[in-house]
Amino acid sequence: MANSGIQLLGFFLSLIGIVGLIFGTILPQWKMSAYIGDNIITAVAMYQGLWMSCAFQSTGQLQCKIYDSILQLDSSLQATRALMIVGIIVSLAGLGVACMGMKCTTCAGSDKLRKSRIAMTGGIILLVGGLCAIVACSWFAHNVIRAFYNPYTPVNTKFEFGAAIFIAWGGALLDVLGGAMLAASCPRKKHASKYPSIAGSRAGPPSSTKEYV
């Protein structure tokens, strides 16, 4: 029963993590304009994401523009987009495999050991997908920090972390945690003892005497 509960908890954690990864990838607030120096008083807040850049004006109007060409983008941004997409696809595949191997489903027959191994395989796939997303978010964050502390970067073009990167980070961590719980739910196979039982050793050989009338 405890093993089934761990599988359910890991499944729902991974599901919430994948939803966070999808929302984090779509949202444009991966980095936002930093209000430092002469840029403290401004009427426009700039946001940049993986797919578009947005300008939020003080009047409440939000204007977004999708990136025109993939080839004009920075190589690190292209790699981040690719890793996030791969992480989401791999995590969805791992969630499907784990669903087939969970004890509360009947997709893979009634063999409990086989189903547990399928759930463990799904958990490992979820771990790989979550790690891809963590690498993508950490790489993007490293580039933002490096550009922020670069003395040659103009003050009005410096950015800091936005809300979307934290959503993606949280989703990736939940994905990894759920995958780890599913991967650890496989029971150990019981091995037969090499030695005879005590009750069997005490019992003598079958009697060969026959009763004659």
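Just so you know, glycine gets a Cβ as well, placed from its N, Cα and C.
Automatic, uncurated: that is what TrEMBL annotation is.
Summarising the annotation, TrEMBL assigns transmembrane segment to 6-27 (among others). Note on the transmembrane segment (6-27): residues 49-51, 81, 84-85, 87-88, 91-92, 94-95, 98-99, 102-104, 119, 123, 126, 130, 133, 163-165, 167-182, 184-185 of its chain, located 6 or more positions outside it, place their CB under 8 angstroms from a CB of the stretch.
Taken from TrEMBL, the feature transmembrane segment covers 39-59 (among others).
Feature annotation from TrEMBL assigns transmembrane segment to 79-98 (among others).
Cβ atoms under 8 Å from those of the transmembrane segment (118-141) belong to residues 7, 10, 14, 17, 21, 30-31, 76-77, 79-80, 83-84, 86-103, 108, 161, 165, 168-169, 171-176, 178-186 of the same chain, restricted to positions at least 6 beyond its ends. Sequence annotations record features per position, and here TrEMBL assigns transmembrane segment to 118-141 (among others).
Look at TrEMBL and you will find 161-184 (among others) tagged as transmembrane segment.
Residues or ranges marked as region 'Disordered' in TrEMBL: 194-213.
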